[in-house]
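Structure record follows, encoded as structure tokens.
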Amino acid sequence: MSATESGTPEPTTPEPAAVELDGVGRTFGNVIALRDVSLRVRAGEVTCVLGDNGAGKSTLIKTLAGVHPPTSGTYRVAGEPVTFGSPRDALAAGIATVYQDLATVPLMSVWRNFFLGSEPRKGWGPWRRIDVARAKEVARTELAAMGIDVRDVDQPVGTLSGGERQAVAIARAVYFGAKVLILDEPTSALGVKQSGVVLKYVAQARERGIAVVLITHNPHHAFLVGDHFFLLNRGRMTQDWTREQVTLDELVAAMAGGAELDTLAHELEGIRRP
Amino acid sequence: MSAAPGAPTAPEPALDERVASRGVLDRLARRPELGALLGALAVLVLFTAVDTTGSFLSLSGVARWTDSAASIGIVAVFVALLMIGGEFDLSAGVMVGSTGLVMGMLVTQVNLSIWPAIVLTFVFAAGVGALNGWLVVTTRLPSFIVTLAMFFSLQGINLGLTKLVTGTVRVSGLGQATGFDSASAVFAGTFGGGYQFRMSLVWWLLFTVLATWVLTRVRFGSWVQAVGGDQVAARNVGVPVTSTKITLFMGTSMAAAFVGVTTALRLESVQAGQGVGEEFTFIIAAVVGGCLLTGGFGSAVGASIGASIIGMAFIGIAYAGWNTDWSFLFLGLILFLAVMVNTLISRRVAGGTK
């Protein structure tokens, strides 16, 4: 990671945001995926980024995660401008991303998944080995601390439900010292109950002082845990609300495109009438 | 036993209602080796029963089929690691010949003594393995195709170069080189008095233990399972996918070199076509031993049990007085049965998600 330009901290904010995008744009050839996107994410808050399909959510995640560096604008972490060369750089800076369905290896056990890539080791030389007993114990207690009740840390992750799998990935990111946790559509493939389970872990992570970025197209889920709401539409940030400034109805209406929804309701009424 | 009324009953152990009580058999069925172990016992019983020489279970008989199994198992163990890592190596068979020829050429044409020739042979094998791995990772083509191309390329080079240099299809005369006796003792020696157990048996067991240690207790082993299970997820949590895969290909090639060197020392000569066709025997051993063709699951012990089955079958068919032409039919049937059993196991492990 290297500084691209000297950042001038805003005088109005006493503490710099954990992660901040300032006028960020990203183009792929002649396709403009993101245009002038500004986003502030604070520690101990859940920042929701809402957007429909094609709004630029994926590009935004990948920009934050260090996969795609921005083509314009500034990306700051704790007030310092950064340029990440790879997701590993972002991870080293404390920015962990949990991708939907791409977070765990189904055939591997819960504890192996929990420590994958950062296995605790003991012993010397050729006897240097994974500290299996400690890994299992830590996985069990850490998952319990997040309120995740895994029956057996030896069971393959594939035997867990979708919500539990997300939870294992979140608990892992929290344990390995993530300061910023980016969640990519964590509830989109889940049922109502399972979504509730995952949102509970999101709230847990916030209580631990982590800056959570929740990317979703579901305003109901976002409103349950969100402190700050950004609306992404066709590559631009169109709304920037704190929790006090918005109601669930407004959020839903904004997501669905307000006036468009009214028109749709009217048309559907027309179809129903004989 | 009857408790007095009102007496406190022993507290029931806290049971999670979501965990159905599971029998010992069911739990064992999760082990990748189980199917192979049962198969091995069945094959042992079968060939003991049909044995016409009366020596299949004698020490000299065991020495013979363990030797046959060892030459398959040494490579199969590493092929299993590679398959758990989600890749194939179809060039592992021809590499046995290639490495034997490299060693033979170095000794007979360059006039190196045996030990430096062996070291250079392993360096050559590591290089070919690294090339396989690098090509698979950078081209993102299936390893099936990349190593198939390597297979045919090496087969062509083996034949062409051997004919060009020696004028025949073999390199011979290794026995006169300095260091032959010591190298021969290490790779191709015998022990166990008159029963003629081969050193390759010791090496095979050693490699099986080593691979099992790596797979279950070393960080690299976790990474192998991860890159085979879900490469993208592995990369997302910081597993070095590229170096893990290249290391696995190098291991497979060097295991083939081990067998190539052993064979060359044993026969004191190398045929240009040596090893061709063996690649599938290695893969069959690994698959019979519980390795999933899709990667991410399997065991080194299983691959060794698979190799034992094949070794027993090859020798057992001869001891039974049957025509050995039938041995491949046996391999085919064993393979099909094993894959059926393994598929059932993997469905159980994946818990209905697949």
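Placement of Cβ uses the backbone N, Cα and C atoms for every residue, glycine included.
Nobody curates TrEMBL annotations by hand; they come from automatic prediction.
As written in TrEMBL, here are the features:
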- B:34-53: transmembrane segment (TRANSMEM)
- B:65-84: transmembrane segment (TRANSMEM)
- B:114-135: transmembrane segment (TRANSMEM)
- B:141-161: transmembrane segment (TRANSMEM)
- B:201-218: transmembrane segment (TRANSMEM)
- B:246-265: transmembrane segment (TRANSMEM)
- B:280-298: transmembrane segment (TRANSMEM)
- B:305-322: transmembrane segment (TRANSMEM)
- B:328-345: transmembrane segment (TRANSMEM)
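Using a Cβ-Cβ cut-off under 8 Å and counting only residues 6 or more beyond its ends in the same chain, the transmembrane segment (B:246-265) has close neighbours at 71, 74-75, 77-79, 81-82, 85, 87, 89, 91-93, 95-100, 103-104, 114, 118, 121-122, 124-126, 128-130, 132-134, 136-137, 174, 180, 183-184, 187-188, 200, 203, 207, 220, 224, 274-275. Within its own chain, the transmembrane segment (B:328-345) is flanked in space by residues 29-30, 32, 34-36, 39, 43, 281, 284, 287-288, 290-293, 306, 309-310, 313, 317, which lie at least six positions past its ends and keep a Cβ under 8 Å from the stretch.
Beyond the ends of the transmembrane segment (B:280-298), by six or more residues, the same chain brings 31-36, 39, 72-73, 75-76, 79-80, 83-88, 92-93, 225-230, 304-307, 309-310, 331, 334-335, 338-339, 342, 345-346, 349 to within a C-beta distance below 8 angstroms of the stretch. Counting C-beta pairs under 8 angstroms (sequence separation of 6 or more), the transmembrane segment (B:34-53) fails to reach the transmembrane segment (B:201-218), with fewer than 3 such pairs.
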